[in-house]
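Taken from TrEMBL, the feature compositional bias 'Basic and acidic residues' covers 346-371. Look at TrEMBL and you will find 570-581, 731-740 tagged as compositional bias 'Low complexity'. Annotation comment: TrEMBL describes 582-593 as compositional bias 'Polar residues'. Among the features that TrEMBL reports, domain 'WAC' is placed at 28-137. If you look up TrEMBL, you'll see 416-479 marked as domain 'DDT'. The feature region 'Disordered' is assigned by TrEMBL to 149-179, 346-375, 569-593, 647-743.
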Amino acid sequence: MPTCRRKRVVLTEPSEVLLQAAKSNPNKEVYYLQQTGEIFETYEAYAARMSFYRLKQFQCEVTGKSGLDYFQALESEQQEAQTMHSRFPEPLKAAVLKAVQWQVVGRLDHLVEAVFDRFKDRYFVDEKVFVDAQGDKFYAKVVQVHPPKTKGESVGVPAENQASSSSAPSPPHGIADDDTVQIHKIGGDLKIPAKEALVRDDPLKYFYKVQILEEQHEKSHEKGKAASKDKAKWSGSFMDVQCSVMSRDRLAFSKSILRRFIRDCVDRDAAVASPWTVKPVIAKHYGVDSVMPEETRKGVEDIKRGEIDKRKKIWEDKEGPPTKKQKKMTAAQEERVKALAVAAEKREREAREKAERQQKAKEEAERLAAEKKKKKPIRYPTEDLDVRLNDKEKKAGLKVKKPTPSKLGLPFGENQGTFEAFLTSWNFLVIYGQPLHLSTFTMDEFEHALRHSLIDPPCALLGEIHSTLIYNLRTVPFTRHSAVLSLLRLQDTLEEDHRVLGVSVDELAGAMADVGNNWERIPLRHTEMRSGWEEALLGCLKDHATLDNFPRLREVLTRLLFAPEPHAEVSSSSSSSRVSSPAANNLSVQSSPSERYYALPPADRIDILTLMCNLAVSSKAVHSHMESCEEQLTALRKEKIEIGRQKKQYTEEMNSLAGETEVKEEPGTNGSVPDEDTTMHESSDLSDVPSEEGSETASTSSARQKRSTRQKDLRQKAHTQAHAKQRELARAQAASAKQALAEHRRLDEEVNKLERRLEAIEREFRKLLGAVRVKPLGKDRFHNRIWWFDGMGSASLLGSGGVVQYGTGRIFIQGPSEMDLELMLKKEDDDYEARRLEEEGPEGLLAPSEWAQYAEPEELDEFLAWLNPKGVRELALKNSFIKWWSHIAPGMRKRISDLNISAKLPEARRSTRTKSSAHDVSREPYMMWTNRRAVNSV
């Protein structure tokens with residue numbers, strides 16, 4: 001059996017529940033492991049067991065090979081067992097197994113030693129052995145075994161009357177049945193001591209009749225042709241021999257192979273003094289008794305009891321030596337001994353308590369020291385949830401509670417699903433504005449356009465968006481009348497007269513029959529204000545939409561093709577354009593999409609755009625644009641690397657120029673030499689003044705004056721030349737410093753140009769990357785995702801002349817995903833929800849996929865102050881904000897400024913009930929938007 005960590009692998013037994021289920025439901029499906037025969041009720045249990053078996057941690061018990069999986073180890077054991085069983089003498093197997101059955105031996109090695117000593121000189125019928133006869137070795141087969149005789153026969157003398165192989169054949173079992181019982185019965189019984197067995201059943205007194213095997217001639221030691229001729233006469237002959245001249249092949253019988261045979265055939269319980277037992281299948285095959293005799297059972301129990309008593313005695317001896325017997329004492333002596341014993345016991349108890357206190361104090365000191373040693377300083381940044389604000393940081397003014405983001409300020413924020421679809425549609429239209437031939441527009445303009453409910457004046461933004469998407473979807477494969485087919489399939493599952501908004505499926509299909517059939521060929525020209533785009537939209541929905549990709553298909557088509565009664569229409573016109581009228585719940589008058597589109601609720605319009613955007617993703621134009629963006633991103637990456645190299649080179653040159661300038665400005669020739677010369681000159685002049693106390697003659701004085709004048713002229717000339725050289729050197733140094741300064745300024749300008757180019761590359765990189773995949777700015781400590789959608793795709797962060805531009809002008813917060821939430825709940829030891837409630841507040845908690853926003857720069861400043869840079873996520877998020885802050889904050893301020901400019905007084909809005917209202921609506925920013933990328937033919 002393969003072992004794992006030195007323990008045998010035990011196969012899994014079927015559970016009681018599975019066994020009961022097998023009786024009650026024989027056809028129950030289970031999982032069966034064919035290699036081991038194990039049965040499992042669930043796939044998880046089956047897979048776990050199979051994974052355990054596939055681990056490379058098993059060892060072959062026979063060969064000792066390790067690093068195998070269970071099946072490799074089992075195969076190795078089976079191969080080795082097959083080889084071993086084929087080599088081990090077959091006649092010897094039953095005798096050995098009967099000998100080891102019920103033996104109580106501690107180690108397997110000791111059992112092998114005992115068996116080998118008993119059977120090394122005992123042979124059985126049909127065994128093949130080597131026989132030494134007259135100095136030669138022959139390979140022979142035991143034919144008969146004769147128990148000890150009174151008179152011994154000559155050993156090694158061939159039976160001449162049986163020399164021929166054709167003479168009387170030997171009996172198949174060698175001897176009669178009554179003799180077979182007596183062969184080696186005492187010697188092979190391990191219950192009988194070895195010495196006694198040797199006396200009662202001496203193997204040296206056995207005689208064996210063997211037959212020399214003809215095919216083994218070549219294996220004998222030949223010493224020439226003459227010797228081989230002499231041996232040929234022995235082939236097939238019989239002879240009587242004793243064990244002293246017999247031996248077995250070492251490959252068939254040795255201690256190592258005997259040990260492997262016994263280990264493969266026997267087993268033992270883990271209890272103390274358990275006997276070795278032959279495995280039931282092997283015992284049945286070789287006729288070994290599997291039922292323990294009563295006498296043997298009692299002997300085994302006695303041995304087990306004695307072993308237990310022995311261990312108990314050893315344990316008691318360890319507890320303390322037995323006290324010696326003392327002489328009987330008098331009453332006074334007994335009292336004195338008792339008093340001494342009480343005092344000694346008291347002292348011992350006090351000493352023990354003192355030692356325990358000291359030990360506890362020592363252990364406590366060691367524990368504190370170990371904790372202090374283990375408590376290493378935390379290296380920041382680390383996991384955000386492991387970072388907690390201490391009292392010092394709180395006193396320093398760090399925010400504990402996050403500023404609450406607004407949920408109600410979101411466009412269509414009353415329904416999170418509608419907002420997410422709205423955000424997805426706006427993002428798609430802005431990012432892929434170039435392949436769609438659509439100019440950018442802000443999220444506020446998109447929101448107001450979707451809320452526009454007036455037929456006159458029409459909203460150009462709605463017409464351009466739907467027209468560009470319709471042109472794009474003409475290149476996407478579609479199924480003709482897929483919406484009608486889907487509705488007819490739905491009708492089969494509904495009641496006969498099922499109606500939605502008062503319209504049945506048959507009536508809806510009839511109204512759709514003649515509308516928008518040639519939508520893929522209708523010209524929607526920009527110069528004609530995209531006239532007819534509503535009918536083309538209906539035709540596009542007929543061929544592209546199904547109930548699978550557009551669950552509200554029936555309701556939307558019904559609202560586009562049917563109108564309420566005229567009196568209901570009049571009453572609904574007085575209601576707000578943002579809320580659908582209750583009268584619209586029953587539509588009975590057939591109408592046209594151009595009249596009914598503006599009566600659709602904003603949620604239905606968003607659903608239509610979401611479907612069209614999802615379908616447009618697979619168009620060829622969008623795919624080509626994405627591939628082009630990927631190529632441009634690769635080019636920008638290469639350019640960024642090259643600019644980094646140039647910037648590094650310029651910086652090194654600037655540093656070298658600065659170092660040379662510092663060396664040249666060091667005071668080496670700052671006029672100290674001329675001063676020294678002047679001093680020397682003056683001193684020499686003083687020394688040339690004739691002494692009044694001298695006694696020289698006039699001639700001597702005149703000669704000295706001439707010589708002094710000549711030296712003075714020479715010194716003056718040298719001084720003038722030195723000054724000239726210094727002036728030239730100073731002029732050269734000044735020119736060099738001026739040139740170095742000019743070069744430094746030039747390099748500084750080059751570096752500034754490269755930095756500006758890097759900033760432009762970052763903005764361009766953000767635009768192109770948004771077309772491939774949109775990523776958040778980062779995550780906070782609670783895995784809330786922070787989104788900023790400005791400056792991606794066809795949108796730009798800077799307009800002409802460096803004017804700030806924005807798309808959303810807001811920062812959006814999305815709640816953690818389900819996976820992040822599960823990971824946090826598993827990892828956080830403390831109450832995670834309590835910490836979120838404390839730091840985010842009840843209103844700031846965001847559920848998975850729930851959205852909120854920061855629309856004011858002050859709110860965003862507070863949020864940045866709340867971020868803790870000691871956490872890895874919030875450090876990365878804060879760095880992202882710092883990187884783009886010069887665009888985020890001005891964009892938010894620009895949006896607030898635009899909203900304040902376009903805001904009007906509520907009274908003015910309520911008083912405009914006449915035609916002036918249309919004029920006012922036309923002056924709204926979303927109505928003044930124009931598509932500068934429009935193409936008439938597209």
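In case you wondered, yes, glycine gets a Cβ from its N, Cα and C as well.
Broken down by DSSP into helix, strand and coil, the domain 'DDT' (416-479) contains 43 helix, 0 strand, 21 coil. Residue counts for the domain 'WAC' (28-137) under DSSP (helix as H, G, I; strand as E, B; rest coil) come to 52 helix, 18 strand, 40 coil. Secondary structure of the compositional bias 'Low complexity' (731-740) per DSSP (helix as H, G, I; strand as E, B; remaining residues coil): 10 helix, 0 strand, 0 coil. The average pLDDT for the domain 'DDT' (416-479) in the predicted structure is 92. With DSSP states grouped into helix (H, G, I), strand (E, B) and coil, the region 'Disordered' (346-375) comes out at 29 helix, 0 strand, 1 coil.
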